[in-house]
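Per TrEMBL, domain 'tRNA methyltransferase TRMD/TRM10-type' is recorded for 1-231. If you look up TrEMBL, you'll see Gly119, Ile139, Gly140, Asp141, Tyr142, Val143, Leu144 marked as S-adenosyl-L-methionine binding site.
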Amino acid sequence: MRIDVLTLFPEMFVGVFGASILGKARDKGIVSLNTVNFRDFANNKHNTVDDMPYGGGGGMVLKAEPIFGAAEHVVAEHSASGTSDKPPRIILMCPQGEPLTQRKAQELSAESHLIFVCGHYEGYDERIREFLVTDELSIGDYVLTGGELPAMVVIDTVVRLLPGVLGNEQSAVTDSFSDGLLEYPHYTRPAEFRGWKVPDALLSGHHAEIEKWRRRQSLQRTLERRPELLEVAELTAEERRWLEENKIK
Ligand SMILES: CN(C)c1ccccc1CNc1ccc(C(N)=O)cn1
């Protein structure tokens, strides 16, 4: 997978793209992570990337031309590499975007080329949304100074799903939100720490009993913290009955 980030602050990505899981995925050639400073594509007289809003009002708006120029540059570069098959998803990070979910991350992890548009100021010229962008995403209902941190979050959750990125000890398949429920509690040695014991079920060695305990814990935790997730989770009839009993308590 190729990922390009269009940003005015490429230096923000050096640490994130170089460290840990993303750094290893890059070294393994599983993903290529690039930043493009769209100021390099502001080919107007004053090299400006933003301008005052038509209709007046405060703040500045990101011009369309530099962002279109940067996006077209990376698309041309990728298609010249001969490895591109589908056209890229061009993702605008903004508070008005579609909420990011694990399902959306899974959908994006199947793509071959992702381009992220990270803006600042008051926002973007609408023609970027209307004629360039394929997706608008938000990482939550809050306002940040720019789209860079949201882009890092999306890239992190997408790249970890790519085959070969996580060793099998951290398999992405069973983590929470994948089966629609919150994760069960985890324990490791020692079996007793300051008098606090690991639940007997986990020490039993009975795989079936352990799976049952874990599933029950996920259900209980989801019921307590995120009951709305239970509406869409895939549950057995027996689990639905158990929930009905426990909802009333
Ligand atoms: C400068 N602002 C307010 C702005 C205005 C319009 C678009 C983008 C931005 C950049 N800021 C963002 C971006 C994304 C998110 C999110 N929740 O994903 C939060 N803030």
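Each Cβ is built from the backbone N, Cα and C atoms, and glycine gets one as well.
Bear in mind that TrEMBL entries carry predicted annotations, made automatically and left uncurated.
Quick caveat, the model's predicted, so the values are computed rather than measured.
Among the binding-site residues Ile139, Asp141, Leu144, the residues whose Cβ lies under 6 Å from any atom of ligand 1 are, in sequence order, Ile139, Leu144. Looking at the residues that bind S-adenosyl-L-methionine per the record, Gly119, Ile139, Gly140, Asp141, Tyr142, Val143, Leu144, the two CA atoms farthest apart are separated by 17 Å. Secondary structure at Ile139 (S-adenosyl-L-methionine binding site), as computed by DSSP, is coil.
Note on the domain 'tRNA methyltransferase TRMD/TRM10-type' (1-231): its mean pLDDT in the predicted model is 93.
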